[in-house]
Amino acid sequence: MRLKDCHNFQDFRTLAKKRLPSPIFNYIDGGADDETTYRRNTAAFETCDLVPSVLTGVKDVDLSVTVMGQKLALPIYCSPTALQRLFHHDGERAVAGAAEKYGTMFGVSSLGTVSMEEIAKQTTTPQVYQFYFHKDRELNRAMMQRAKDSGVQVMMLTVDSITGGNRERDLRTGFAIPFKLNLKGMLQFVLKPMWGINYVTHEKFRLPQLKEHIDMGSGATSIGDYFTNMLDPSMNWDDVAEMVKFWDGEFCLKGIMSREDARKAVEIGCTGVIISNHGGRQLDGSRSSFDQLAEIVDEVGDEIDVIFDSGVQRGTHVLKALSLGAKAVGIGRMYLYPLAAAGQPGVERALGLMKAELERDMKLMGKTSIDQLTRENLRFRF
Ligand SMILES: Cc1cc2nc3c(=O)[nH]c(=O)nc-3n(C[C@H](O)[C@H](O)[C@H](O)COP(=O)(O)O)c2cc1C
């Protein structure tokens, strides 16, 4: 199987599985506990059907949206994800390059493997910085200042990771950063020698956003320790209100799932909320993002941008979320498998296929611009 044989999400997943040592594949592919929320995320799109209109004249379709003050050529953007250079040696450079080619936004993770400064210099399209809240308030301010100085347009605070999700696939393989593989896990690396050759012949693996806080060399501090020791589980609305004030720009909360929390986000001055359950990687048993979207749009959709992620695999999933009132849709695994499968050409192919799918689906729906999508286009089955 090669890149040209990949026509959809599942094809890219299959190719990524072939290329990656299984502990790394399972890190991307897995969810928390029994993975019920993870499965439900995508299944939830099937609870409603699209109702198309015909004979509306759909020669030219405009897929652009404006979200968090940023004009995007597509209604999807690449949500921030950790450790991308483990999946392919070009990591964030490849994903940001592909996102730029398709005129959309790219999110740099706090656990990213290329610096936010480098990505900001490399691309002209809008950039998000995904932030975790540290016990050390000075450090929080210093990191936000760093993001400001590098020209990041949107600050995204992840609020659903107050503690790590229970990813049992990682426990079985021993996946951790720095690596602490068990024997079975190590064997999986031996079985994928090309990945190993690429890993050792390219620039050393780093976490530039956190280089002073995680010791990659001796392994004295791991990502697990960073979460336990440096992040602040007592973070509350007052803390975030201060951050919003300090940032003084586009600020969104990623991982909002209740309408009450969305309301509080408005009250403290956020300009957006992302309805997300972290792709089913945090609280298993949590409702799917799609099931929660409508009530949150109804609560705050006229006041701030309601954005959506988790479970998206198809253009029709995107259209359903936009029809319910989301302003834009984040994708995670949908670009990570292509990255692992083939680097930047892989991500470009995935975004290109998604763009073509969205254009085709819009035409079949009888729509020429995203603002024509409304709840009138949907019927729920129960
Ligand atoms: C491998 C992986 C790493 C992730 N790392 C982060 C991260 O560092 N910070 C964050 O806020 N979200 C992270 N996420 C969550 C994504 O930003 C996004 O919310 C999620 O992937 C959406 O679900 P989907 O993969 O079904 O599209 C990660 C997701 C995956 C799959």
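Each residue, glycine too, has its Cβ placed from N, Cα and C.
Just so you know, TrEMBL annotations are computer predictions that nobody has curated.
Not measured: the values here are computed from a predicted model.
Summarising the annotation, TrEMBL assigns domain 'FMN hydroxy acid dehydrogenase' to 1-382. If you look up TrEMBL, you'll see Y27, Y132, R167, H278, R281 marked as glyoxylate binding site. The FMN binding site feature in TrEMBL is assigned to P80, T81, A82, S109, Q130, T158, K254, S276, G332, R333. What TrEMBL records for H278 is active site, proton acceptor.
Here the features listed in TrEMBL are placed on the structure.
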| residue | record | CB count, 10 Å |
| --- | --- | --- |
| Y27 | glyoxylate binding site | 23 |
| P80 | FMN binding site | 25 |
| A82 | FMN binding site | 16 |
| Q130 | FMN binding site | 24 |
| Y132 | glyoxylate binding site | 22 |
| R167 | glyoxylate binding site | 20 |
| K254 | FMN binding site | 25 |
| H278 | glyoxylate binding site | 23 |
| R281 | glyoxylate binding site | 23 |
| G332 | FMN binding site | 21 |
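Spanning the residues Y27, Y132, R167, H278, R281 that the record associates with binding glyoxylate, the maximal Cα-Cα distance equals 20 Å. Checking the binding-site residues P80, A82, Q130, R167, G332 against ligand 1, the ones with a C-beta less than 6 Å from an atom of that molecule are P80, A82, Q130, G332. Confidence annotation: the domain 'FMN hydroxy acid dehydrogenase' (1-382) carries a mean pLDDT of 94 in the model.
Using CA atoms as reference points, the binding-site residues Y27, R167, H278, R281 were checked against G332 (FMN binding site), and the closest is H278.
Closest to P80 (FMN binding site) by Cα-Cα distance, out of the binding-site residues Y27, H278, R281, is H278.
Rounded to the nearest whole angstrom, the C-alpha distance between A82 (FMN binding site) and Y27 (glyoxylate binding site) is 10. Taking only the Cα positions, the spacing between Y132 (glyoxylate binding site) and K254 (FMN binding site) is 11 angstrom.
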